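Below is one structure; the comments refer to it alone.
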Amino acid sequence: MKILVGLKHVPDTETKVKVADDGVSLVEAGIKFVMSPYDEYAVEEALKLKEAAGEGEVLLVCAGPESATATLRQGLAMGADRAVLIQDPRFDRADGLVRASALASVATQESPDLVLLGKQGVGTDESQTVPMLGELLDLPHVSAVGTLEIVDGRFTAHREIEGAVEVMEGSLPAILGCEKGLNEPRYASLKGIMQAKKKTIDVRSAADAGIEDGALGEGKMVVWEKLDLPAPRSGARILEGEIDDQVVELVRCLREEEKVI
Amino acid sequence: MGANVLVFAERREGSLKRPALEALSAARSAADILGGSVVVLALGSGAAAHAEELGKHGADRLLTAEAPWLDMYVPEAYAATLAAAAGDVDAGLVLVPATSMGKDMAPRVAAALKTGMLSDVTDLEASADGTLRCTRPVFSGKANAIVAIPAARPAVASLRPNVFPVKETGGGAAETGSVEPALAEDKVRVRAVRLEKPAEAELDVAEASVIVSGGRGIKGAENFKLIRELAEPLGAAVGASRAVVDAGWIAHSHQVGQTGKVVSPNLYIACGISGAIQHLAGMSSSKVIVAINKDPEAPIFKIADYGIVGDLFEVVPKLAEAVRNLNS
Ligand SMILES: Cc1cc2nc3c(=O)[nH]c(=O)nc-3n(C[C@H](O)[C@H](O)[C@H](O)COP(=O)(O)OP(=O)(O)OC[C@H]3O[C@@H](n4cnc5c(N)ncnc54)[C@H](O)[C@@H]3O)c2cc1C
Ligand SMILES: Nc1ncnc2c1ncn2[C@@H]1O[C@H](COP(=O)(O)O)[C@@H](O)[C@H]1O
């Protein structure tokens with residue numbers, strides 16, 4: 001079984017957001033970039049499936065800046081076999097369709113049996129790549145998979161929806177987005193880290209992946225105009241007095257002033 | 001492409017979901033600016049029965065594909081049919097609720113139309129020249145991005161549930177028409193085969209207008225009954241922090257936050273929750289936030305509107321009683 005895993009290199013979720021002078025970029029100094037947390041579930045699931053099958057290959061793909069090599073190395077250290085970096089710093093806020101096209105170019109070349117992505121790249125939080133890649137490759141997709149079972153080229157995936165679990169059944173090859181709870185991602189072993197250092201990363205340009213330069217620049221369909229920091233809430237009105245009085249006052253405020261109960 | 005706005009009306013088990021009406025209301029405002037009409041697509045048997053309700057909320061036309069095999073979610077067929085409808089009605093804008101179904105489907109539609117998409121938006125503005133400009137929370141709610149689709153058509157956006165108000169326009173029943181599913185059933189490679197529901201039907205945090213959440217401060221699984229006793233008279237859903245989900249005190253479906261659900265209720269009551277950034281990512285866009293915590297320094301107080309510093313084991317039952325008295 002050949003499995004392709006997409007990794008996005010993103011600012012750590014603990015990052016303090018500072019907006020640069022242009023009003024829309026992040027001040028990157030001091031930000032730690034990591035593998036998007038949901039992608040760890042994708043790597044783990046791929047490794048588990050390969051181990052269970054006793055054969056196969058796990059191929060990592062990232063469209064990102066040169067520094068994203070670190071994220072690919074992490075995936076290799078966890079146990080993946082190969083990695084491709086489609087190198088261009090502009091992928092971070094590129095159109096979903098462009099990022100999906102970059103992944104599609106590698107998938108078309110490699111014909112994997114399964115593509116595993118995260119359900120969402122944290123930071124930009126778009127959740128677009130899974131369904132878009134499905135459409136571009138003309139393959140079925142399921143986003144936000146919480147449990148996965150594969151038998152004889154068919155899969156059953158559970159996904160949480162409002163008030164229920166939706167059970168999806170389909171056939172491989174498919175594009176699946178991994179949700180928290182799917183598995184417990186492993187830590188890279190020391191041996192894994194040593195081995196990862198020796199694996200080569202196949203670096204390509206956006207043009208190699210069939211992406212026209214304009215699509216990452218002037219010709220972007222989605223334009224990020226501004227990044228606003230939400231006005232800091234002024235802080236809670238801390239109620240005072242005996243607890244009984246506080247409760248009465250709270251209920252009054254919620255009913256009469258806020259009109260929410 | 002044109003000035004019309006196409007809306008996907010999500011149905012589950014034959015009922016129209018409220019976020020569909022929210023998207024419809026936003027579509028009506030946009031269509032009035034663009035000078036176009038609002039067309040709704042609804043799938044599955046009995047879909048045409050919603051013509052009146054949709055019309056009342058601003059729909060001019062309702063397109064339906066009533067094939068029974070569309071009663072459950074069929075991602076490829078739903079996406080293909082919406083994409084085809086976008087072409088047929090000459091849509092300049094396609095709006096989909098950012099529910100679990102809409103989030104799964106809308107990007108596939110955007111890819112089929114080779115266009116741009118804005119996900120999970122909390123504000124939407126259409127200009128007369130057709131530009132779509134939206135606000136979307138990014139970096140776990142720590143910032144809002146203003147993003148625009150100036151030229152690509154139709155622009156596609158998914159709308160965060162519970163944010164856009166439902167408005168009645170007083171219109172009559174939408175004019176109905178039927179379309180064929182844009183994909184044959186035997187071409188489908190994935191589909192929903194069933195829904196598994198918890199034994200006791202519970203209100204989902206993603207759909208609730210009031211949420212009462214418990215965190216590690218409640219000390220043990222058995223004390224969630226305190227939270228439930230406050231939730232019940234409020235008609236609220238029960239939420240939770242990741243700490244208590246990881247501890248196994250309650251199911252993951254209740255988790256609010258970055259790796260849980262993102263919610264925007266009218267009222268969010270956090271009981272014994274410290275207010276870690278990842279929790280705030282899921283609830284900071286709630287309209288009114290109440291925090292009950294014994295630690296006056298807990299970060300949750302920085303984003304709450306009202307705070308009670310105290311022991312939740314004392315405060316929560318008293319609050320529940322006060323709310324019950326209000327109701328009786
Ligand atoms: C990648 C990542 C993703 C994450 N995703 C999420 C997520 O989706 N959702 C989420 O919630 N967390 C998430 N977390 C975890 C988050 O960082 C916090 O650990 C978690 O939110 C803490 O939960 P808590 O507030 O219940 O517990 P604590 O932080 O332990 O807080 C308990 C609070 O209860 C108060 N308390 C104790 N006893 C009482 C009492 N008797 N009366 C009143 N107050 C009392 C304490 O003062 C304290 O403030 C994530 C973390 C990471 C790293
Ligand atoms: N630039 C990228 N390179 C590789 N994989 C990506 C990239 N962007 C998104 N993905 C994959 O798609 C998933 C969903 O991302 P998104 O659509 O950005 O929320 C991520 O978790 C990754 O698995």
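Glycine is no exception: its Cβ is also placed from the backbone N, Cα and C atoms.
Unlike curated records, TrEMBL annotations are generated automatically.
These features come from TrEMBL:
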- B:R216, B:241-242, B:255-259, B:272-279, B:N293: FAD binding site (BINDING)
- B:5-198: domain 'Electron transfer flavoprotein alpha/beta-subunit N-terminal' (DOMAIN)
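All features noted in TrEMBL, drawn onto the structure.
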{"residue": "B:R216", "record": "FAD binding site", "contacts (Cβ under 8 Å, 6+ apart)": "B:S241, B:A243, B:V244, B:A247, B:G272, B:I273, B:S274"}
{"residue": "B:Q255", "record": "FAD binding site", "contacts (Cβ under 8 Å, 6+ apart)": "B:G239, B:A240, B:S241, B:R242, B:V245, B:K261, B:G282"}
{"residue": "B:Q258", "record": "FAD binding site", "contacts (Cβ under 8 Å, 6+ apart)": "B:S140, B:Q278, B:H279, B:A281, B:G282"}
{"residue": "B:A276", "record": "FAD binding site", "contacts (Cβ under 8 Å, 6+ apart)": "B:S241, B:G257, B:P299"}
Assigned conformation of B:Q255 (FAD binding site) - DSSP reduced to three states: strand
Those binding-site residues in B:R216, B:Q258, B:A276, B:H279 passing the chain A Cβ proximity test, under 8 Å, are B:Q258
Across all chains shown, how many C-beta atoms besides its own are within 10 angstroms of the C-beta of B:I273 (FAD binding site)? 31
Once DSSP output is merged into helix, strand and coil, B:H279 (FAD binding site) belongs to helix
Around the Cβ of B:H279 (FAD binding site), other Cβ atoms within 10 Å, all chains included, total 27
The average per-residue pLDDT within the domain 'Electron transfer flavoprotein alpha/beta-subunit N-terminal' (B:5-198) comes out at 97
